[in-house]
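Heads up, the thing below is written out as structure tokens.
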């Protein structure tokens, strides 16, 4: 959900009564902010989608059991998300938001460091001089005795990863102490890329169920109530990307922000990543469906911003993004004769066949 319009309306009400009110948005500042948000939304999807292809290949080669969302999970997700959202809203009404945000800040501080480390480790490792040894480590914590054991922790890393974690911890501390918008965006960017890379939809049907459910979820909680806007404005955590509209006037100390929730990036992003893996399965040396849907997402995001700016009201971004991201590939697949192939495609068909056999036996 994008909410800068709500902030602008609130600012216009408070400006005359508050001498320290934020600098009003200028056309130039708004153009820079909105353009930056669009770029910051597109880049994680682009990076995360291609990383998901690599992650998918690694899973197949290693025989690792994938964690994929089932159709039941997809159907239940909007309900679970609604309960969590309303729960946070009640908490913010009953308990001081400062106490809740202290807890959430600490939680996302550690998660953000891990996400940023996972994202930047390949880059940092190449920059570290060859004279610095790259020593492998393996943390393993198991439950029970052999041969019946269960892995509770199984994590491999290197000394280069530890160097990267040290650098990322600095960014985490910066966010923890200053809550600066740049630090927020770095952590949010890492969350978005990791989410798109690691959260896999096994097939298009599951994606349609998930996006369809969240389409109505977003509309209800934005237009039907003030719950989502209230939670988003009270929630101090790097779960949204922000960019100041008064950057030209106040520089890096700007504080009049346009924002875009990570859900509006990750949810369509995991579906677009699925289409990239589908393109690869066709072996046509073309990412046709990925490219078309990626462009449709861009147009949907632009439509969200234009409507928000026109009506000066927070918009449920999925209202525009879901039809764009679902309608485009389905329509093109129908025209190109790929509709059956698209719906039959599964990331992990072997696992799907096992599930079907188990159901038959039951």
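Heads up, the Cβ atoms here are built off N, Cα and C, so glycines get one too.
Taken from TrEMBL, the feature transmembrane segment applies to 31-53 (among others). Here the transmembrane segment (31-53) has Cβ contacts under 8 Å with residues 2, 4, 25, 185, 189, 192-198, 200, 241, 243-245, 247-248, 257-260, 264-265, 268-270, 272-273, 276-277, 280, 290, 294, 297-298, 301-302, 305, 309 of the same chain, all six or more residues outside its ends.
The transmembrane segment feature in TrEMBL is assigned to 74-94 (among others).
The transmembrane segment annotation in TrEMBL covers 100-120 (among others).
As annotated by TrEMBL, transmembrane segment applies to 204-223 (among others).
Per TrEMBL, transmembrane segment is recorded for 257-276 (among others).
Through the fold, the transmembrane segment (288-311) approaches residues 2, 4-5, 30, 34, 37-38, 41-42, 45-46, 49, 264, 268, 271-272, 275-276, 278-279, 317, 319-321, 323-325, 327-329, 332-333, 342 of its own chain, all at least 6 residues removed from its boundaries and within a Cβ separation under 8 Å. Annotation source TrEMBL lists transmembrane segment at 288-311 (among others).
Same-chain residues lying 6 or more positions outside the transmembrane segment (317-335) and placing a CB less than 8 Å from one of its CB atoms are 1-2, 204, 207-208, 211-212, 214-215, 217-219, 260-261, 263-264, 267-268, 271-272, 275, 288-289, 292-293, 296-297, 299-301, 303-304, 307, 341-342. Feature annotation from TrEMBL assigns transmembrane segment to 317-335 (among others).
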Per the Cβ filter (under 8 Å) with a sequence gap of at least 6 from its ends, the transmembrane segment (100-120) is approached by 88, 91-92, 161, 164-165, 167-169, 171-172, 175-176, 186-187, 189-191, 193-194, 234-239
